[in-house]
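A.B. asks: Before anything else, here's the structure in question.
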Amino acid sequence: MSGRDSRGAGGGGGGHQPLSNAMGKLKEKLTRVGDELGYHRVESNLSTSNTATSLDTILPEDPFLFPQVSPQRHPQNTVRTQRLLEDEPPLSFRPLLEDDDINEPPTQQQQRTPLRASGSLELTPLPPPPTSLEIREHRDRQQRGAQGDDLQRSKQSLKGSRVSFERRDTGNSNTNSNKAAESSDEDSFEEKRTGFQQQKATSVDHKGILKDLKHILANDNRRQFQAKKHVSLDVKGTRFLQDLLKESSSEEEFHKTRREFQGRKHQSLDPRVTFKLDKVLQGSSTDSDEEGEDAEHKRLIHRPKDITKPVIIDLKDLESESDEDFLTSRQHFQQQRSISTDSRKSRRLYEMDEMGNKRGENIRHAVPFVRQITEDGKPKLEVYRPTTNPIYIWTQVLAALSVSLGSLVVGFVSAYTSPALVSMTDRNITSFEVTQDAGSWVGGIMPLAGLAGGIAGGPLIEYLGRRNTILATAVPFIVSSLLIACAVNVAMVLCGRFLAGFCVGIASLSLPVYLGETVQPEVRGTLGLLPTAFGNIGILLCFVAGSFMNWSMLAFLGAALPVPFLILMFLIPETPRWFVGRGLEERARKALKWLRGKEADVEPELKGLMRSQADADRQASRNTMLELFKRINLKPLSISLGLMFFQQFSGINAVIFYTVQIFKDAGSTIDSNLCTIIVGIVNFFATFMGILLIDRLGRKILLYISDIAMILTLSILGGFFYCKAHGPDVSHLGWLPLTCFVIYILGFSLGFGPIPWLMMGEILPAKIRGPAASVVTAFNWFCTFVVTKTFQDLTGAMGAHGAFWLFGAICFVGLFFVIIYVPETQGKTLEDIERKMMGRVRRMSSVANIKPLSFNM
């Protein structure tokens with residue numbers, strides 16, 4: 001085709017003759033194609049490209065791309081054709097002008113066939129055919145590389161062409177000779193179009209394959225990460241760290257060996273063998289290090305061929321010195337943990353040998369240590385849990401008994417006003433007058449002073465020490481009781497009550513701290529009940545003694561109770577943790593020797609305390625008070641405050657403080673002092689019932705039971721007092737107030753008594769638990785003050801029935817508060833609770849709760 005350009009440009013007049021012949025044949029071929037294939041011309045301005053490549057725009061009909069057009073209507077299709085050709089990738093084009101088109105003259109049939117189109121073409125007479133020399137020169141030009149230029153011009157001509165053809169549906173049948181002439185061109189076009197469609201489909205499939213591949217790789221990486229994370233918490237690994245901690249001489253050595261151990265565990269997930277899921281792994285017999293390492297991987301990991309099935313990673317072979325079966329070890333570990341935490345098995349247990357004889361070794365010490373992971377990822381080791389030392393129960397019982405005597409004094413002081421106010425307001429016994437308003441202050445000033453004592457107790461236990469702070473409350477307790485016993489006016493009574501309340505606030509904060517830092521975890525559950533039990537004993541003792549003594553003699557008894565408490569406090573040491581916090585390592589060692597036994601190896605536990613204190617010092621610079629006001633912390637703080645509010649405004653302290661007066665006003669046929677004793681006994685035993693049921697029924701179930709019981713009893717009590725004042729005679733129902741009070745105390749002790757304090761430690765975030773607990777405790781004391789101070793005013797203004805109905809209505813609102821806002825925390829870890837409450841978690845993992853590793857990859 002480019003040869004024609006050369007001839008037309010440089011041939012002069014004679015050179016135009018072959019070009020005219022070629023153009024004539026081209027027009028003739030165009031006419032023949034249009035007739036035989038059933039196409040008609042839409043545009044009259046045919047592009048006369050020398051290469052004639054525009055004829056490639058004669059597209060066969062495709063039902064998926066072009067609509068059917070009837071013979072009568074032939075709309076222009078130039079825009080759609082041009083856009084279609086521009087969007088498609090460039091294809092290879094070939095000229096339609098063949099050698100036989102040049103050498104073969106047109107037939108008369110072809111010359112007579114007109115081109116059916118909207119615009120006619122004027123056909124010129126056919127020129128003579130080209131000579132053989134011109135044909136040879138044309139072929140030489142094609143061989144010298146003119147095809148590339150022709151192809152480029154063909155593409156440009158194709159893009160700029162505005163010629164479009166539509167299929168004309170005619171009934172005329174074409175001759176077999178015309179079909180044979182055009183079959184090669186049509187087949188070539190169909191082949192190119194099919195190839196293009198295949199190429200496009202392949203491109204789409206390629207993108208989908210890449211997307212699926214990325215998804216598969218992402219899932220595989222996620223499974224590997226989860227596997228590594230779970231492997232690091234394996235029980236066998238924890239036991240290794242336990243032995244490692246005892247053998248390490250420094251913190252750096254422990255961390256170094258720990259990293260090496262974790263590296264060994266993570267090698268079981270080496271990517272070199274992770275994807276070889278289609279091979280059966282067997283040990284290697286070669287001596288090279290690399291093959292030996294691979295054999296070790298294969299020996300440690302047992303993977304199924306299907307990666308969707310659960311993968312069990314057995315780490316029992318990580319410790320070369322341990323050849324105990326993993327399942328047996330796991331069962332043994334669970335038994336040890338159950339024994340150490342079950343209060344019903346608190347008696348001394350012994351291991352049995354194969355013959356069933358006692359070995360004489362206490363196995364409760366086998367509980368692993370609690371490992372806390374701080375926010376920066378470093379391990380925080382609390383008081384060293386595992387020890388081979390026997391548990392010297394008597395020394396720790398002595399320490400717990402000493403501080404629990406302080407709790408007995410607290411209970412006695414709290415219940416003092418209930419039996420004492422009856423005789424104190426009697427002018428035949430008291431030399432000074434105690435008005436109703438003064439009596440309300442006698443009962444209400446103690447919780448107000450307890451609020452101040454709780455705030456002051458926090459700094460005191462840090463500066464003076466836990467033991468010294470508790471010891472410092474003994475003498476003020478004695479002085480406060482003597483002030484009340486020797487009082488000659490109401491002011492002395494109020495001063496004594498205020499001083500006693502201040503000591504109560506300090507003791508309520510420092511007693512549990514001392515027990516938590518001195519008693520071993522194996523007996524902490526049992527000994528931790530002593531303060532609560534002794535507090536209830538103090539309340540019962542006050543009720544019993546108050547039935548036989550007046551307010552002055554009862555105060556003298558209260559002054560005598562702190563004396564054994566004071567003596568025993570001199571016998572016990574300060575907590576080792578406080579000594580470590582002050583840098584007194586030697587004194588901490590002596591304290592541990594006293595608590596654990598002279599022959600005990602206390603060095604590992606002492607090192608654990610020092611590490612824990614170092615971590616606490618790093619966190620001490622953070623201002624946690626500002627964290628209380630963040631939005632994410634307001635929900636758990638509000639729930640704790642709400643529980644404390646409904647606990648106190650259920651009227652419990654009003655009932656405890658004014659039990660005798662309430663029974664006198666009720667006109668019960670049972671002696672009022674006997675009624676208070678019965679209430680004290682019920683309160684004592686109901687506390688232990690709540691402890692037994694709280695982990696079996698759940699927190700919310702017990703809160704429901706407690707709230708419903710208090711609502712019913714308070715409503716019945718209100719109705720009883722209303723009928724007594726305004727309605728029919730109820731003297732024959734003298735047993736009803738005592739029955740209601742017993743059920744009321746029982747319901748309170750099951751739920752709203754212990755659970756608000758328990759849930760305060762569960763739902764408050766770890767980062768703000770200290771300051772938040774102080775705020776909640778102070779709020780509890782404030783509510784106690786309001787209830788006890790205003791109870792007599794309420795009964796005077798609304799009547800006893802109005803006060804009890806008010807408390808019942810508050811309990812009714814509290815029931816809906818529990819249903820809507822209070823979460824269930826039974827069986828959940830602190831991480832799960834914090835994640836649910838705040839949406840984030842601070843990792844605090846106890847390996848005692850870890851189950852054998854089995855997870856899905």
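Every residue gets a Cβ built from N, Cα and C, even glycine.
The compositional bias 'Polar residues' annotation in Swiss-Prot covers 69-81, 171-181, 330-341. The annotation compositional bias 'Basic and acidic residues' is assigned in Swiss-Prot to 134-143. Summarising the annotation, Swiss-Prot assigns N-linked glycosylation site to ASN428, ASN550. Residues or ranges marked as phosphoserine by Swiss-Prot: SER248, SER249, SER250, SER320, SER322, SER845, SER846. Positions annotated as region 'Disordered' by Swiss-Prot: 1-28, 62-203, 327-346. Taken from Swiss-Prot, the feature topological domain 'Cytoplasmic' applies to 1-392, 462-473, 519-528, 574-636, 695-700, 762-770, 823-857, supported by sequence analysis. The topological domain 'Extracellular' annotation in Swiss-Prot covers 414-440, 658-673, 722-740, 792-801. The transmembrane segment annotation in Swiss-Prot covers 393-413, 441-461, 474-494, 498-518, 529-549, 553-573, 637-657, 674-694, 701-721, 741-761, 771-791, 802-822.
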A.B. asks: Could you tell me which of these glycosylation sites, ASN428, ASN550, has the greatest number of Cβ atoms within 10 Å of its own Cβ?
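C.D. replies: The most densely surrounded of these glycosylation sites is ASN550.
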A.B. asks: Would you kindly check 393-413, 441-461, 637-657, 741-761, 802-822 and say which stretch has the most C-beta pairs under 8 angstroms to the transmembrane segment (553-573)?
C.D. replies: 393-413
A.B. asks: Short question: most Cβ pairs under 8 Å with the transmembrane segment (393-413), which of 441-461, 474-494, 498-518, 674-694, 802-822?
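C.D. replies: The stretch with the most contacts is 498-518.
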A.B. asks: Quick check for me: are there 3+ Cβ pairs below 8 Å between the transmembrane segment (441-461) and the transmembrane segment (701-721), leaving out pairs under 6 residues apart?
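C.D. replies: Between the transmembrane segment (701-721) and the transmembrane segment (441-461), which are separate recorded stretches, there is no contact, as judged by 3 or more close Cβ pairs.
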A.B. asks: Take the topological domain 'Extracellular' (414-440) and find every residue of the same chain, 6 or more past its ends, with a Cβ under 8 Å from one of its Cβ atoms.
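C.D. replies: Here the qualifying positions are 446, 484, 487-490, 493-494, 504, 538-539, 542-543, 545-547, 549-551, 554-555, 558, 653, 656-661, 664, 672-673, 676, 680, 788-793, 796.
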A.B. asks: Short question: most Cβ pairs under 8 Å with the transmembrane segment (637-657), which of 474-494, 498-518, 674-694, 802-822?
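C.D. replies: Maximum Cβ contact count belongs to 802-822.
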A.B. asks: Using a threshold of three or more Cβ pairs below 8 Å, and leaving out pairs closer than 6 in sequence, do the transmembrane segment (802-822) and the transmembrane segment (701-721) count as in contact?
C.D. replies: yes
A.B. asks: Taking DSSP states H, G and I as helix and E and B as strand, how many residues of the topological domain 'Extracellular' (414-440) are helix, strand and coil?
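C.D. replies: Helix, strand, coil within the topological domain 'Extracellular' (414-440): 14 helix, 0 strand, 13 coil.
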A.B. asks: Who are the chain neighbours of the topological domain 'Cytoplasmic' (695-700) in space, where the CB to CB distance is under 8 Å and they lie at least 6 residues beyond its ends?
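C.D. replies: Residues 755, 758-759, 818, 822, 824-826.
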A.B. asks: Using the alpha carbons only, what distance in Å do you get between ASN428 (N-linked glycosylation site) and ASN550 (N-linked glycosylation site) once rounded?
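C.D. replies: Their Cα atoms are separated by 11 Å.
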A.B. asks: Taking a Cβ cut-off under 8 Å, which residues six or more beyond the ends of the transmembrane segment (498-518) line up next to it in the same chain?
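C.D. replies: For the transmembrane segment (498-518), the sequence-distant neighbours (Cβ-Cβ under 8 Å, at least 6 residues beyond its ends) are 383, 396, 399-400, 403-404, 406-407, 409-410, 413-414, 445-458, 460-461, 466-467, 469-470, 472-473, 476-477, 479-481, 483-484, 524, 527-528, 531, 572, 575-578, 595, 777, 781.
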A.B. asks: May I have the DSSP-based helix, strand and coil counts for the residues of the topological domain 'Cytoplasmic' (695-700)?
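C.D. replies: The topological domain 'Cytoplasmic' (695-700) comes out at 5 helix, 0 strand, 1 coil.
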A.B. asks: So what's near the topological domain 'Extracellular' (792-801) in sequence-distant terms, Cβ-Cβ under 8 Å and 6+ beyond its ends?
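C.D. replies: Result: 436-437, 439-440, 443, 658, 662, 665-666, 717-722, 725.
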A.B. asks: Go through the chain and flag residues at least 6 beyond the ends of the topological domain 'Cytoplasmic' (462-473) whose CB is under 8 A from any CB in it; none is fine as an answer.
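C.D. replies: The answer is 403, 406, 503, 506-507, 510-511, 513-514, 517, 566, 569-570, 572-575, 578.
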A.B. asks: Can you give the mean pLDDT for the topological domain 'Cytoplasmic' (823-857), rounded to a whole number?
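C.D. replies: It averages 50.
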